[in-house]
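Taken from TrEMBL, the feature signal peptide covers 1-26. Sequence annotations record features per position, and here TrEMBL assigns disulfide bond to 48-232, 166-221, 171-204, 179-190.
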């Protein structure tokens, strides 16, 4: 008997929850998950025509990521492809979120943010969710629009195990451009809500827009050598449907 789409969604959510629990357990024990491969890298690349100040936030019970090659936390990433940073995931399991802040006031070096940014410190914000080092080297990733939208984001694994499905997922469309007046945030971006969730999903099917949502494109990714998060990617980098407006 064929499995309904709702049952498939529930099954995938359960598998991802099991993976996340295994990641947290492995991280708290300080031991790699069984069958886990060597630690991967997290690369952040800014293709937006403006700078962003990324935040990489580890989930509860998971160690923070090491700093970049210069020994500093990721600061300002300049726009138009010039801003690029690579971080090493710690050995074992790791899970967390990546967001891009925009319109920030910074110190003289441009790295340390002073005060609040125009977007990214609070919703609406686009959130990349990443989990690596799960059982057998399992990796899981997604782009969530549950908290609204501030910057187009896609996640692309590289160097993964042969025969595995590690597609590019996320949203390459500027959802703020067609945002209804009532959902627009003062600093930019587009707020979430039931009506907006449907509009977001119609434009960007490979995102998550509510607690039970999954991407239209399935993933089964094991042992990627790199997880790359791209801000303002090329429009053809992921499935994006034309505006319904």
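Using N, Cα and C of the backbone, Cβ positions are placed for all residues, glycine too.
Note that TrEMBL annotation is computational and uncurated.
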Residue 171 (disulfide bond) versus residue 221 (disulfide bond) - Cα distance in angstrom: 19
Nonlocal neighbours by CB distance (under 8 Å) for residue 190 (disulfide bond), same chain, sequence gap 6 or more: 124, 148, 149, 150, 175, 176, 179, 183, 184, 196
For residue 166 (disulfide bond), the one of 48, 204, 232 that lies nearest, given that the disulfide-bonded residues are compared by Cα: 204
